[in-house]
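Student: Summarising the annotation, Swiss-Prot assigns site 'Important for substrate specificity' to Y12, Q70, E154 and lists sequence analysis as the type of evidence. As annotated by Swiss-Prot, active site, proton acceptor applies to D69.
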Amino acid sequence: MPQLVLASTSSYRRALLEKLQLPFITDAPETDETPHAGESTEALVQRLASAKAQALAGRYPQHLIIGSDQVCVIDGKITGKPLQYSTAVKQLQQASGQCVTFYTGLTLLNTANNSINCTCETFDVYFRTLSQAEIDGYLLREQPWNCAGSFKSEGLGITLFERLAGRDPNTLIGLPLIALTQMLIEQGVNPLTVKPVE
């Protein structure tokens, strides 16, 4: 089996990939994440996921490299990680009572034969109408400063939602495992037939 490389230092993506019980390493890609003029959200996340995988290709010439990138769209605008309390408050105020869409680009690059597979998975989060006290209470408890959209769905963030809609809930956390599994199987790596990590 070719060695898997996760082109990310995200602890969230690492934890998701561990669910597949395959051996892998992580490495930090250096990529310019500036959107191109007129670029659609889907094209942006696919381009960045691909760029992250390709940024590591020279270091890993006989590997399967996984690249992923995610953006959150609130009210038609791309929203990033809040990084601070005041920005998180604004993001949750904007999301209150709205549908927020997450776009996650996924790339699997086989550097042994130079084949590449890219896709974009979307996931919709329907927020309850939130009071300012709820927003403040949530942010003080969970402090999701490094999470697009200012919440952690795998934690207390679930209390902010009315409903969720999408093919794979892992997409919301940053790595679509259903799509990734399909890509891996196409490359001859089936998580159910490979010896699991001890």
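Placement of Cβ uses the backbone N, Cα and C atoms for every residue, glycine included.
Could you place the listed features in the three-dimensional structure?
Tutor: Other Cβ atoms within 10 Å of the Cβ of Y12 (site 'Important for substrate specificity'), summed over all protein chains shown, number 17.
Annotation note: D69 (active site, proton acceptor) sits in a strand segment as assigned by DSSP.
Of all Cβ atoms in the protein chains displayed, 28 besides its own lie within 10 Å of the Cβ of Q70 (site 'Important for substrate specificity').
When secondary structure is read from DSSP and collapsed to three states, E154 (site 'Important for substrate specificity') falls in the coil class.
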Student: Mind giving me a neighbour count for E154 (site 'Important for substrate specificity')? Other Cβ atoms within 10 Å of its Cβ, every protein chain shown.
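Tutor: Its Cβ shell of radius 10 Å holds 15 other Cβ atoms.
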Student: Would you mind listing, in sequence order, the residues at least six apart from D69 (active site, proton acceptor) in the same chain with a Cβ closer than 8 Å to its Cβ?
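Tutor: Correct list: E33, L44, V45, L48, A49, K52, T104, G105.
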Student: Do you know offhand how many angstrom separate E154 (site 'Important for substrate specificity') and Y12 (site 'Important for substrate specificity') by C-alpha?
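Tutor: Cα to Cα, E154 (site 'Important for substrate specificity') and Y12 (site 'Important for substrate specificity') are separated by 10 Å.
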